[in-house]
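Database features, via TrEMBL:
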{"type": "ACT_SITE", "residues": "H436", "note": "active site"}
{"type": "ACT_SITE", "residues": "S438", "note": "active site"}
{"type": "ACT_SITE", "residues": "H578", "note": "active site"}
{"type": "ACT_SITE", "residues": "S580", "note": "active site"}
{"type": "DOMAIN", "residues": "313-446", "note": "domain 'ZU5'"}
{"type": "DOMAIN", "residues": "447-588", "note": "domain 'ZU5'"}
{"type": "DOMAIN", "residues": "780-865", "note": "domain 'Death'"}
Amino acid sequence: VQRMAELLGAGEGARGAAVLAGCCLAGSRLSLDVYPDGCRRLLRLLEGQRAAVLRVELLRLSGNDPLLGATLGTLPHLSHLRSLVLKGGHTRDEFGACQHGSLTSLPPDLGNLRCLTHLDLSFNSLSTLPSCILCLPSLRVLLVSHNSLVALPEDFGALRKLTFFSAMKNQLKDLPQSIGELAALQNLDLSENALEFLPEEVGNLHSCTELDLSGNCLSSIPDSFANLRSLRRLHLHSNLLVRVPASLASLPGLSRLDLQNNCLHTIPPEIQALPFVQLRGNPLGDPGPPPQQGNCEAAAARPLHAVIHECIFLGSFTVTSEGCKVVLACGIRFYFPPGAASHPLQISFRVLAPDPQWVKLRHHDVLLSRVLELQPHGVEFQQEVQIWMPYASPQTLHQREVVVRTFSGQSWSDLSTTVEQKAKSKKQVAHCSVLHFSWFLVVSRLVQNECQVPTEGTLLFSTVDPNIKVTFPPGVTEETRSVRLQVLPVSTEEIEEIMGHSGCRASPLLCLSQDSLVDFLRPVRIQLPLPPGVTGLNLDQSRLHLLHGDLEGQTWDDITSQVVLEFTHLYAVFEVTHFSWYWLWYTTKTYIGGIAKKVYERLRMYQVNFIALQRRKDPEQVLLQCVPKHKVDPVLRRLQDRYRGPEPSDLVEMFEGEQFFAAFERGISIDMDRPDCVDGRLSFIFYSHLKNMKEIYVTSPVDRKGQAVKGQVSFYRGAVPESVPEDASRRRKGADSLWLATLPIKLPRLKPHWAGNPGPLNGFSFPPLNLGNAETGYLTQANLLSIARRVGADWQTVGLNLGLTYQQIERIGYNNREDLDKQILDMLFSWAQQNSEDPNCVRRLMAAMKESGRQDIADEIEAIIELGQQKYRESIRRVGLEQESSTEDSATAVV
């Protein structure tokens, strides 16, 4: 690779292109989507190896490649092309979601590719289907899922040879009548669009075996569906169906009918009698009792005909003007009152891991939930939508409050929130109401008291400590402004523990803020209680200091000499014109500002332990977790039956939202391709009330046949927040200055049966697995891992075509949520382990890939099998068995 770069960089065009061709061009296949500069490579190949490139039959380019637009003009010259993949989704955004490609059109001459049978344009930015596609006479497979298509062309039926069409996750509202002319169509996927009705011509798709219309806005389906005599699987879940024709029960080959999460009050008896019909999430004559007072499932009475979507695992649901109640599998609940949506609206949701680069917590905030994203962003509802979000209950809510925080696209703001208790589980949920959707999370913050200050003045006091008061005199402002007050109580014991000695006392910490940048016109009068043990009778004013801190708590200035302090028996009173942090200290120390800064920073920290445990039944599976010290014993008791390992690390102090890394050392390694792996180290973010846990598989490059491997895992700080006290960072001298802790990891000696096992991929470990046999061709575990890397977002379709049930697909998605790679691996290897004894399993896998529109993967499997068969024949020839076998066969024939 280095030499290739040198050749290209030195301008040795032909020679460099030859090296490049050797690296990328395999026979008639050119897969460049795995390279970030794949389009540049294609252009270079056309310069130096044009004849070879023009004979290519399979070409893959990334829709995210910045040079894609400049490369499209070369594609019509590839006249032998049979499969063209211009798929996006090869890069991820900051939340881990696939980014759509930049493709919005295709060159008109692309319609001249007479041999093209497979075209994949998924995960791009198409708003209309390029007209040149309708001119491809041999096209059999067309994938345009995850685009922005609002309609299909009226002459879409011109694609007479089309057998597979997927337009999943677009914005289609209707279908052209010509769709009924697709006589060869076998698989049609129009799920997660905005279809409100279907033309009767859909019933003319006599070859169709699978039809997916889930996640649309259909209230009925045509009676012509009774003509779909070849149909085996019909997916209609998550629509608005109020009736289904009884004639569906007469379809001779139907083996799956999914009607979940619709508005069906009655079901024809013929349909209900089908053993394979799925009806969960329908009213079926009983819309459920109206919500009771205090029930978190809905805060307002809903009409008896409202829809109930329960336990939704998938990423979207539909809301109509009738309103509905929605329950997600993760426990989040919604109530859409009647009239909230003026027309059918598809709502998409994601639950995201919080990223500190984006989720900005304020000082002393505690994150209690993951981030919920609801789309479409910015859509205004006619009535407030109610949301209930479960959260990790803090140890104590005393002097704190729970709020739902939302992101407007520019900044975070707190919503008016009430805390309610679920009737059955007694768990608490945060309840809020919104008129638009964006991002939401639950935090615990210092109790905030707020008031509007008019020109006449007003009084604001703290509900945490009513002795803290702020008086606004008349004329303090020309325009009404909003003022907020927060109080952080600080005990003498806390200060003594941080300082290591007695002699310092402090009042509660007061934070004042406002929504205006202009100082007040008249001084504002503030009353603070004197530090504990100090009264007006024993007060030594020379030891009392009034400190002023900036809003970030970075600097603390002694302003005692700049204000007039008045004292009563219990309080100190002073006047200011601008707002910030204020703190009364009573001490003999001179440089009190530095002491206050140290105490303030330490009040924001948590004492934690690191644990590293290995599964008793599988020591290669390692659990890493950062646990606050008061939770360590309960966590270890819960894990001790399944895991074992060393004692937790010594105490370490960390901030809420601080990044840290885990590095496996001394002969132990992990999969470097993990998305959370940075320079060979696993990345974590510490949140005191979230799990901070990862379970991964480790390997060792050391030969373990003869002896065990004694390695270790070390934890290091990452991006340390500004202004961290030196003693909090536990710094060492040398290269590991951010080191936190080290714990031992021991991998036992391998038994002979397990020696030579291929390593895990992305946190999965599998027993030895081969599909097929030597004569017909093997698919090894390494081959399956390679295939898994290419499946991408089509894994659900592939799984269903392999024969997995819809419930299995849902469970795999939920168990591995937010990790696409694990979903793919779980699906593929679950199927492989169940079918490894089936001699036809490889052929079934190829057929499933073709049915899923992944002809490229099917071709790859076929190439692997052909290579295996060739090697098998060569080995037979080398040992002279082929001739003997032929002789025996001839002798048998003579006999």
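Every residue, even glycine, has its Cβ placed from backbone N, Cα and C.
Counting only same-chain residues at least 6 apart in sequence, those with a Cβ under 8 Å from the Cβ of S580 (active site) are C511, L512, S513, H548, G549, D550, L551. Cβ contacts within 10 Å of H436 (active site), excluding its own Cβ and spanning all protein chains shown: 14. For the pair S438 (active site) and H578 (active site), the Cα-Cα distance reads 34 Å.
Cα separation, H578 (active site) to H436 (active site), rounded: 34 Å. Note on the domain 'Death' (780-865): DSSP counts are 69 helix, 1 strand, 16 coil. Cβ neighbour count for H578 (active site) (all protein chains, 10 Å cutoff from its Cβ): 12.
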